[in-house]
Amino acid sequence: MSNVVTRRGGSSIRVRLTVLCAKNLAKRDFFRLPDPFAKIVVDGSGQCHSTDTVKNTLDPKWNQHYDLYVGKMDSITISIWNHKKIHKKQGAGFLGCVRLLSNAISRLKDTGYQRLDLCKLNPTDNDAVRGQIVVSLQTRDRIGTLGSVVDCRGLLDNEGALLEDTGPGRPLSCFMDEPAPYTDGPGAAGGGPGRLVESPGQEQRLQAQRVRGPEVREHVQTPQNRSHGFQSQDLPEGYEQRTTVQGQVYFLHTQTGVSTWHDPRIPRDLNSVNCDDLGSLPAGWEVRTTVSGRIYFVDHNNRTTQFTDPRLHHIINHQSQLKEPNHAIPVQSDGSLEDGDEFPAQRYERDLVQKLKVLRHELSLLQPQAGHCRVEVSREEIFEESYRQIMKMRPKDLKKRLMVKFRGEEGLDYGGVAREWLYLLCHEMLNPYYGLFQYSTDNIYTLQINPDSSINPDHLSYFHFVGRIMGLAVFHGHYINGGFTVPFYKQLLGKPIQLSDLESVDPELHKSLVWILENDITSVLDHTFCVEHNAFGRLLQHELKPNGKNLQVTEENKKEYVRLYVNWRFMRGIEAQFLALQKGFNELIPQHLLKPFEQKELELIIGGLDKIDISDWKANTRLKHCLANSNIVQWFWQAVESFDEERRARLLQFVTGSTRVPLQGFKALQGSTGAAGPRLFTIHLIDANTDNLPKAHTCFNRIDIPPYESYEKLYEKLLTAVEETSGFAVE
C-alpha cells in the first residue's frame, strides 16, 4: 500500500495507522462476551476515529486503517471499549488502552506490525486489564529502506510494553531464550506470510518437541558475527536471505520491500509433505513445535531458526538434477547416495491450480480494504469512456473492489456487470480495426501488436490502457476475451524468444529458418543481415546488425542470422508499444508474482478456457425448482447441444457475463463478489408467463426459465434472449 506523506502547515506529517486485531481481552461478564471496538485519538488535535464493532469475542479482528496527521509533539491513544456497556455510565465498557508518545511514534513508523500490551487508563483503576493490540504505522519511506533493528522498550506510556521490534521490511516475531517462531494461525497478523506475531511470556508456555539430527556440532557461530543479509546464488532474482538478531531466517524481496518467512525456492504446497517421508534431519538440526502445533526447525550450527524444512531443498535439488541430463547425482560404489544427499522417492509435480491459488492469495494482500474502483460507461462509447476513466485512476485505486455500471441501467455489480463490461470492452479494444493489434497471419487469428500502430499519435497511451485492463481482469479474477500469440505471453514473463516459438505464429517462416539451420547454404542463398518489410505500402529495410546490408549470411554465421531474424520478427517496431502495455499490466500484477508460470499457463490465467465442454457444464450445473429429468432441463441441454461453438459462448456470456471458463472448469465459475466459494451455473424454473423470455442473473450465474410448453418454444425464446437482448435491471 503506497502512502504519500504530506505536510499540513509545515508541522504535521501524514501517517497511516492500521489497527489489525486485539488478543486475550479481559472478560468482565460471566455469561457473555464483549462487543469490542477500538477508538483512536490524536491527543489535542481533534482527530478521532473508531473501528467497527466486532460481536461477542475476546479476540476481535478489525484490519482497518486511518490516515492521521501527527505533529512532532503529538501522541496517539488507542483504547478498546465494550459497545454493550459504553452507554451505562462514564468510563463503563473500558477494556484497555495504549498511548504512543511522540518519540514512540517516530520509532515505530515503518517497522511493520507490532503487538502492544494494553494498560489501565489510570493506575488507580480497580478493573483488571489484560490483552494486547496489534497495530502498525506506515509512511511511504519504508519501501526499500534497510535501517537497524528498532528497540522500542520504554517508548510507551503507562509502562506499556512493546512485544518485539523489527527493522523495516522484516517479519515480526519474537524469540525467547530458546528461539521459537510462533503464529496464531494463518492471517493472525495480516493474513499473509511475513506478518507473524508472538505472544509475551511465550517462553514459559512453550513446550518444544525435540528430534535431534545426528552429530550436533559443538562449535556455533555467534549472532554478533552473523551477516544480516546476503544474496544466495540459488535464490530467485530480487530476493535476499536475511537473519534477525534473534536468529530467525527470513527473505526480503528488495524491489517491493515485502518480507516473508517462506523460502521462495520452495513451492508453498510442498510444505505439506509428511515429515516422516523425508528421512533424517541434516547434522546439527532439530525440529520443534510451538504450543499452537506449528513445526519449526533449529539450526544449531548457525544458531538460526526457520519454518522451512531443510530437507525440502533436497527435493528441489533432485528435480533440477533430473532436468539436467549431464548432471550426475553423486553415488557411492555400492549404489547408495552419499551422506547428506538423501531425497524422498516420491516425485513432486507443481500444479497450475495450486500456483493460481498462491497468486490469488498474494494479490488479495495487495487489495485495499476500503473503497471501490467505480467505472460508469455507456454501451455505445464503451472504449473511449473506459479509456478516459481508467487512465485517470492511480494503480492503487484500480486494486480496490471493482464496481461497473452501464449508464441508464439499474443493474448492481456483484461481479456479473464487470464481466460483461470486460467482454464488450475487449471486443472493441482488441479489434484489429482500431489498429492497436493485428492477426498474426491471414489464417491464424491470434493477436499480436501492430507495428504500424503509431499512425495513432496516442497509441502508447492506449497500449498502457490495454495493459491496465489485462492486469485489472487478472487482479479481480476475470478473463480477457481474446487470445494473443504464445510469444507475447513469453515476453510478458520476461523470457527470451526462440525459433520454436515462431512455429505457431508463422509456420512458413519457421520452416524456412529451420531449413537454413539444417542444410549447407554455401552458394545456395544470397542473403544479407538486412531484411525488408512493408509499412503502409512502402518497402522498408532493416539491418539486423550494424552494416548488415553489406554482411553476407554464410554457413559460419547463419545461427546468428536466424537468432537476430527471430528477435526482429517478434519485436519489429513494437518495442515501445510492448513496454507501455507491460507497464500497465505490472501496475496491477507485480512481475515477481509471475515467476512460477510458463507462457501457456499465463495464457490460461489471462484468457481462461475458450473451449466449452458440455459434459463438464452439465456435471457442474445446479437445478432450482426442477429436476434433471424435467422437460425444461432436458430441452435446455438439447438446445445447447444443437448450438454451434459461437452460440454456446454467447449463451454462457448471457448467463455469466463472460464467454470464458475458469481453467478448473465449470466447477470454479465465480459469482457475486465476496461469495464464500464458486457459484455453479444454475437453471431455475420460475412461475412466469410462457410468453416471457428467459432472464439471466449474471452475478449468480443463474438463468430463469418459464415453464414453456414445448422444446421449439424454449429454443426460440432462448435464442431470442441470447442474441437480441442487452442491459441490466434490478428486481
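A Cβ is built for glycine as well, from the same backbone N, Cα and C atoms used for every other residue.
Residues annotated as active site, glycyl thioester intermediate in Swiss-Prot: C699. The compositional bias 'Polar residues' annotation in Swiss-Prot covers 221-234. Marked as domain 'C2' by Swiss-Prot: 1-120. What Swiss-Prot lists as domain 'WW 1' is 233-266. As annotated by Swiss-Prot, domain 'WW 2' applies to 279-312, with the evidence given as sequence analysis. For 394-731, the entry in Swiss-Prot reads domain 'HECT'. According to Swiss-Prot, the region 'Disordered' annotation covers 210-235.
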(message) Let's see if you can do this one: DSSP helix, strand and coil counts over the domain 'WW 2' (279-312), in that order.
(response) 1 helix, 13 strand, 20 coil
(message) Is it possible to list how many residues within the domain 'C2' (1-120) are helical, extended or coil according to DSSP?
(response) 7 helix, 56 strand, 57 coil
(message) Using a 10 Å radius around its CB, how many other CB atoms surround C699 (active site, glycyl thioester intermediate)?
(response) 24
(request) Summarise the model confidence on the domain 'C2' (1-120) as a single mean pLDDT, whole number. (result) 82
